[in-house]
Amino acid sequence: MPPKSTTTKHIFVTGGVASSLGKGLTASSLGMLLKARGLRVVMQKLDPYLNVDPGTMNPFQHGEVFVTNDGAETDLDIGHYERFLDRDLDGSANVTTGQVYSTVIAKERRGEYLGDTVQVIPHITNEIKHRIRRMATDEVDVVITEVGGTVGDIESLPFLETVRQVRHEVGRDNVFVVHISLLPYIGPSGELKTKPTQHSVAALRNIGIQPDAIVLRCDREVPTAIKRKISLMCDVDEAAVVACPDARSIYDIPKTVHGEGLDAYVVRKLDLPFRDVDWTTWDDLLDRVHKPDHEINLALVGKYIDLPDAYLSVTEALRAGGFANRARVKIKWVTSDDCKTPAGAAGQLGDVDAICIPGGFGDRGVSGKVGAIQYAREHRIPLLGLCLGLQCIVIEAARNLADIPDANSTEFDSATGHPVISTMAEQLDIVAGEGDMGGTMRLGMYPAKLAEGSIVREVYDGKEYVEERHRHRYEVNNAYRAELEKKAGLQFSGTSPDGKLVEYVEYPREVHPYLVATQAHPELRSRPTRPHPLFAGLVKAAVERKTGK
């Protein structure tokens, strides 16, 4: 057998015909398969929007912001990459047009281009190229780079031109391009139509890129004759035309991709050393996904529920918590405003087994979150609060148990007489409008110390110190901690190691079986194969409540 190449390989994933085809999930599935074949894989997303990062974007437009360990605010696809690869990525995994142009303009202002006329080619493409190539370290066998947007978009052109240049510079044998296209079904004629894919590939060729494989997204099985036609008309091997119909679960996609032979085709074309796919961990996951022993109804009480992608990592973490308990988690999406009154909360939450209060910003919907927390506390329904969810638990305890009826957060009422939640000291200028909003929160991984005998210490398997990712500007006001503990019985069960910042709160188990919250975003570190303990604990409490154990 000839020796295999030791050069880091690049796989680029592009999309055609329509957006939201699942490029990120397909790329993640391919990455998972290559990792399961013994290869070292990292992933990256190129986003063509002009924002520097998604940190200031409307959740209704963009979905969630995924925060990495190093505090970068990134695209939600980075979350898919981490969950499928079971690998922590950093800020370099997300490149935006805004970042690229900001860097190039800053270099021009410093005179680094020595008087050159700064242009898209070569200056912008060189900067993109640098950000792609720096992923290819000695510890990496394969870099998978997803190109955001759709072939034909004006915004994507510099990225696609860069892909062409990378292929030219590192060698065609070291680069593989996967093009994902929609294969629409026309009901009246009963036909799958190949023409949109042909036109999409033609547009890609016009830029100078010939795809090596085509993934067909469709809602049904694809006949061999259709694959042969696309192979002929798009000039790819028939073995490289891959059908990827809609799956019951996103975690079924790797099996589909493998069944079509894409991963085997890729490793052979790129001359990569490989072994057979090790399915041990993934098969156990799929068994838990499709053969649950229990089913629970869980209410996710939020303000952005019209776009579920705004809570993507939360919903995946909740489902993973179900996998840990062999339970199917059926999510009931509840608009927080519907829980403002006791009657509204009872109507929305009376039939659920657990509740999750996720993060958010601004005062809209907060009174409903507080109402949902009160209902959960009074009816002993397991509840997990995340970020703003913790702050709302503190506000509810202050108002209803500690006799501070006007307790509030300075985020919602800057003139409140009882700011039980207040602005972090280093955030005062930003909140006052004297600093940039983007990239200035408390971001990234921070440690916490858990109290002995607490519920959170128990669910974290007895660990005294844990680390979680954060994204917030406000904190529990320490001036009220003693009063809340004494009057409301709320326990501050986890703090920063110096004791100054509240990181976890809970009620004692004899008061409530599982009313727990964290100032962090633990959903960002959950994996389908390694569920996060806080979510697993929530589902466990819900199963016990439902089964009476």
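Quick reminder: no glycine exception, Cβ is built from N, Cα and C everywhere.
Swiss-Prot lists S20, L21, G22, K23, G24, L25 as ATP-binding residues, and of the candidates D77, D86, D88, D90 the one it assigns to that same site is D77. Among the candidates E411, E452, E458, the one that Swiss-Prot lists alongside G360, L388, G389, L390, Q391, R473 as binding L-glutamine is E411.
Between H521 (active site) and Q198 (UTP binding site), the C-alpha separation comes to 43 Å. Looking only at the region 'Amidoligase domain' (1-272), the predicted model's pLDDT averages out at 93.
Annotation: G360 are the binding-site residues among S19, E146, K195, G360 whose CA atoms are within 10 angstroms of the CA of C387 (active site, nucleophile). DSSP classifies E146 (Mg(2+) binding site) as strand under the three-state reduction. Taking the Cα atom of each, K229 (UTP binding site) and Q391 (L-glutamine binding site) are about 58 angstrom apart.
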